[in-house]
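Take a look at the structure set out below.
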Number of protein chains: 2
Amino acid sequence: NSALIADWGIELSLLFDPKCPKLESLVEKIKEIVESNEVGRLPKIPKGTRDFGREQMAIRERAFSIITSVFKMHGGVALDTPVFELRETLMGKYGEDSKLVYDLADQGGELCSLRYDLTVPFARYVAMNNISAIKRYQIAKVYRRDNPSKGRYREFYQCDFDIAGVYEPMEPDFEVVKVLTELLDKLDIGDYEIKLNHRKLLDGMLEICGVPAEKFRTVCSSIDKLDKLTFEEVKKELVEEKGVSNETAENIGSLVKTRGPPLEVLLELRKEGSKFMENEGSVVALNELEILFKALEKANALDRISFDLSLARGLDYYTGVIYEAVFKGVTQVGSIAAGGRYDKLVGMFSNKQVPAVGVSFGIERVFAIMEQQEKEKNQVIRATETEVLVSILGKDLILAAELVNELWSAGIKAEFKLTTRVQNHIKYATQTGIPWMVLVGESELRDGKVKLKDIRANQEEEVPRKDFVEVLKQRLSNP
Amino acid sequence: NSALIADWGIELSLLFDPKCPKLESLVEKIKEIVESNEVGRLPKIPKGTRDFGREQMAIRERAFSIITSVFKMHGGVALDTPVFELRETLMGKYGEDSKLVYDLADQGGELCSLRYDLTVPFARYVAMNNISAIKRYQIAKVYRRDNPSKGRYREFYQCDFDIAGVYEPMEPDFEVVKVLTELLDKLDIGDYEIKLNHRKLLDGMLEICGVPAEKFRTVCSSIDKLDKLTFEEVKKELVEEKGVSNETAENIGSLVKTRGPPLEVLLELRKEGSKFMENEGSVVALNELEILFKALEKANALDRISFDLSLARGLDYYTGVIYEAVFKGVTQVGSIAAGGRYDKLVGMFSNKQVPAVGVSFGIERVFAIMEQQEKEKNQVIRATETEVLVSILGKDLILAAELVNELWSAGIKAEFKLTTRVQNHIKYATQTGIPWMVLVGESELRDGKVKLKDIRANQEEEVPRKDFVEVLKQRLSNP
């Protein structure tokens, strides 16, 4: 900042005569602003975190209520886990991203880290409690020491839905993908598509292209960049960094272009002469995908899916179907939701394997879109549900307590205010969207009455003191 | 553990003849158990934390919904803050308890700590956003490196309701105490009382007893132990550790016994010849308390209050009314909720003072009581809201998808299962409390029908395939 001011100084001195009093007063003004900023320094919150104030909380509650209703529609049970886990629980699960894990300081006792996602704590929970089947959801914050300058949060919400246990082929996979489409449809935040692939098909593809097995995962992480880089760039990485031959890279390049309506792509990959039909893993994958696609078709969800051989997903632990939801026609936004099948993760914690499949939904972008939608509607986002404001003209708290308590006892959401300036109360009710006011001044009290004010209609009426709760109840139930 | 086993070994050898084969087999058995524990070592969670599984979540959601409804009844706005704050935000706020703050590891960048309560982050939020008045609630986890062996959690929920801003005397104090009584009444978890005192009266009392001003806070923290220690023990601490004279300690001892119905105690403290009426701060406090008590009386909340001169509260930042809710007739349980007025905390973050008053409600004990109540009722605590289980006899996922999707589209909460063993499905529905099943086998399919099963009535009926959603809708709306 001081470098910037110095630069400005030089620029200004070119415009003004350095001896001109105007320049001096300008410099004084700048100094003043800089200093007053220093004096009134306000507290800060950590980088990459944020508070949810009134309006953001109202939007967040709406989003969570939609999401929870979808999860409950499918019989999900809620689970909550601690915000930190033993460090050993998170070790060896995130590959290169492990460097983004937040550690707690060693203050004696156990070594812990903040959770990086909800999947690993879920697997830990299933293993620890020896659970053989569970369909759970969890909406909670996760923590990543990512670069906040890119607009990324270091504390952010994930909404996860996972099914663990042994089922008929594709039974839970179908439901998880269906849940994802329902979430995105009900949130109504824009046109989207779900890219879908299968790890066994991906491995089959790499085998067909001539990639040696030990390079599958590292080649996958290059392919995973195809949504951000051109194929030429990815190819360069494959050949120069990962030691893949030029021919193999070209083979990969021609196959990863395969994408489109699931049943059509499926037909294409299975047609006579297709190399995939000679590859054992690929045949298994294609058979599973056929069941999945047909089930999704019956559930009116298939038109949202794009079968896409370029989808690779970074995480190591996926073993079957993988998917990622993106907004249509928007590039560089990254995924809104992603997930897949991970059959070996629970087994990393115990000697019992419990296969599982799930989806993780990132909600921060959804909040931003919903906030924008609200602003465009130009409506007051109410931060409270207050129905009545009791406005006492004066300082009689005891009178206020008596009146407002009658409303509370009747189950009416009410606030109260004391003051001699009734206009302030009316302004408050209008701004916060409170529909009714009870106005009580000296004259009303003397006559055993109170005044009711309908804020939106801007109408007032006097009612007997003893009846005002009953009258308001009626008014509120017939708005 | 091995020391324990060795001790047992010695004890056992006294009971048995060391050569007796019984002893040998017993030792073998113990060895076996110990070893199998080692082999099947399950993952753990950090000490003092816990998972909320199905049933706990159902109870937690019920408790939170009651608490939130009370907060909303009073026009509270929701706020959420990050789980960690800059370390400087928490510094110098908790006195001796600062050692219980969890720090994040220094991984480069800012130094952060997990929040210790919700009050300091709230004050930071008010200061940072230059807010002059707000009534907010927050339900969130806080973190304390306390001794978990005492059954204390290191991660636990607090439910806070605070009013910041300048109001008429006792206007927000009245509402916060009223909110506390409503919370405890609505949760219905046992008979309670709210001990209430005033910091200015406490200081006045110490002045009257002859305690020098610089010892007020340290003497307060001794008095605060009176709920756990006898007066003799506290007196010893006062005289031997805090350097208070014997006479002064005796004076304190006679005054802190003062407690009882608020208006009676008030009359007592104000009667002719009372030393309190000659003490400036005490007079201010007693005038404020009179307004508060009369307002609470009008709101039918005063019978819950005990005016108690022995209530001191540990935290430094209180400046006015203080209170603490405890269960009646139960000792050593500690408080369920506590709070008070803190007029200087926001000013620690900015050069603008915003007076505030609030209450902090600890929910872990409430969960435990509600769980116990549920168990005594002997009812199934439903972890899901599933209304219908679609049971497909066989492996036809595509048929299942079609049927269950019709239910989901109609807004009916439904699960589905494939198997040849229908008895497992019926067992699952019964155990999880699902009221209806749709049974589909080969014969039903052939005849264009499905079977509906009412689990509780144990009755079945056949309906045409095309009508089953409509029929279920009717059955579910008229249970």
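Including glycine, each Cβ sits where the backbone N, Cα and C put it.
Site annotation (TrEMBL, ligand L-histidine) includes B:Asp117, B:Leu118, B:Thr119, B:Gln158, B:Asp162, B:Arg313, B:Tyr317, B:Tyr318; from B:Arg87, B:Arg144, B:Arg270, the additional listed residue is B:Arg144. In terms of local Cβ density within 10 Å, B:Thr119 ranks first among the binding-site residues B:Thr119, B:Gln158.
The record assigns B:Asp117, B:Leu118, B:Thr119, B:Arg144, B:Gln158, B:Asp162, B:Arg313, B:Tyr317, B:Tyr318 to the L-histidine site; their largest pairwise CA distance measures 21 Å. B:Arg313 (L-histidine binding site) is surrounded by 22 other CB atoms, counting those within 10 A of its CB over all protein chains shown. There are 24 other CB atoms within 10 A of the CB of B:Tyr318 (L-histidine binding site), with all protein chains counted. Over the domain 'Aminoacyl-transfer RNA synthetases class-II family profile' (B:24-370) the predicted model carries a mean pLDDT of 90. Over all protein chains present, the Cβ of B:Asp117 (L-histidine binding site) has 19 other Cβ atoms lying within 10 Å. In the three-state DSSP scheme, B:Gln158 (L-histidine binding site) falls into the strand class.
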